[in-house]
Amino acid sequence: MSHIQIPPGLTELLQGYTVEVLRQRPPDLVDFAVDYFTRLREARSRASTPPAAPPSGSQDFDPGAGLVADAVADSESEDEEDLDVPIPGRFDRRVSVCAETYNPDEEEEDTDPRVIHPKTDQQRCRLQEACKDILLFKNLDPEQLSQVLDAMFERTVKVDEHVIDQGDDGDNFYVIERGTYDILVTKDNQTRSVGQYDNHGSFGELALMYNTPRAATIVATSEGSLWGLDRVTFRRIIVKNNAKKRKMFESFIESVPLLKSLEVSERMKIVDVIGEKVYKDGERIITQGEKADSFYIIESGEVSILIKSKTKVNKDGENQEVEIARCHKGQYFGELALVTNKPRAASAYAVGDVKCLVMDVQAFERLLGPCMDIMKRNISHYEEQLVKMFGSSMDLIDPGQ
């Protein structure tokens with residue numbers, strides 16, 4: 001037996017099938033295997049793109065979802081129910097803010113003069129660079145964005161300086177230009193760190209959106225520079241704009257199974273910090289081996305998940321990408337690297353036009369604490385089963401290699 005060679009691709013093939021069995025728990029393994037491998041053959045025959053590009057087509061094939069992803073979580077699967085969905089309020093929220101929501105529609109049209117803080121050309125360039133990836137600004141039209149940039153002011157900070165303190169009234173929203181900052185939450189007289197900002201990101205929006213005290217303390221751990229936006233301008237432009245976005249997204253967010261363990265107020269906070277991105281056919285959304293910075297929920301379209309094979313190479317001698325999953329509307333991906341703090345375990349490509357709701361890593365850590373247990377147990381469940389049956393978990397620990 002020691003001289004028997006395992007054919008190239010056999011391990012990956014069986015791992016994909018095994019994961020689907022674990023996920024779907026079919027009553028008849030033989031019928032399920034026939035259907036699974038038939039669709040696998042059909043998917044392969046329809047693939048017509050080069051090896052390194054995402055396959056095209058519309059097959060409903062999902063041979064490895066939940067395994068990597070940045071693997072996918074199937075909105076139709078019952079995994080979350082089997083994993084004891086946390087009861088709202090049972091787990092310690094990283095941020096728990098409950099208050100009456102500010103309603104922009106009830107506020108009279110403002111007649112206050114626009115706030116303008118003069119800036120040099122060099123300052124303006126630095127500000128634009130710092131704000132280019134801020135999701136709260138993504139849905140602003142050019143005139144609104146210009147007003148926001150005009151109103152922002154620069155603030156330099158020193159080591160150990162408290163930028164905001166838990167329990168204080170919210171006065172400003174902050175965008176980080178440079179510096180590192182700890183996020184501290186105090187509960188039952190115990191203070192703990194729940195995250196860190198590293199030279200990019202933003203904070204302070206929740207207190208301004210919901211008329212509530214600051215939910216966390218932000219302390220500078222290095223010298224740094226911030227751009228602040230006053231409360232009045234933030235509410236006049238950002239909050240009103242987000243109210244329109246909320247009407248568009250709230251029903252969709254409520255339909256995502258993963259988020260059903262959250263309270264209504266928490267789901268609304270997700271709507272307020274989430275952004276929308278559109279991808280064209282074949283466009284790469286995330287890249288295997290890269291650092292993770294966002295979490296994705298598919299609003300419309302189809303996404304192909306691929307990993308680099310260790311046994312297949314393309315004509316250039318590089319590891320060939322192999323499709324292991326397809327995910328659709330309501331499914332999410334990109335969470336594995338955020339939960340494990342590892343590089344991306346897979347790449348994701350748009351199949352046709354795709355629209356995703358995107359949450360940055362800071363908002364993910366801050367708002368999805370109650371869901372983290374489900375995601376971690378999903379990952380552990382698949383890894384344990386794969387190690388037990390195959391002796392490995394397809395290098396989820398070090399996916400970039």
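Using the three backbone atoms N, Cα and C, a Cβ is placed for every residue, glycine included.
Residue with Swiss-Prot feature phosphothreonine, selected from Thr49, Thr212: Thr212.
Geometry remark: Leu136 (3',5'-cyclic AMP 1 binding site) versus Gly330 (3',5'-cyclic AMP 2 binding site), CA distance 22 Å. Residue pair Leu258 (3',5'-cyclic AMP 2 binding site) / Met248 (3',5'-cyclic AMP 1 binding site) shows a Cα separation of 19 Å. When the binding-site residues Asp168, Glu276 are compared by the number of other C-beta atoms lying within 10 angstroms of their own C-beta, Asp168 comes out lowest. Residue density at Ser294 (3',5'-cyclic AMP 2 binding site): 20 other Cβ atoms are found within 10 A of its Cβ, drawing on all protein chains shown. In the three-state DSSP classification, Arg366 (3',5'-cyclic AMP 2 binding site) falls within a helix.
Here the binding-site residues are Met152, Leu184, Ala348, and the one whose Cβ sees the fewest other Cβ atoms within 10 Å is Leu184.
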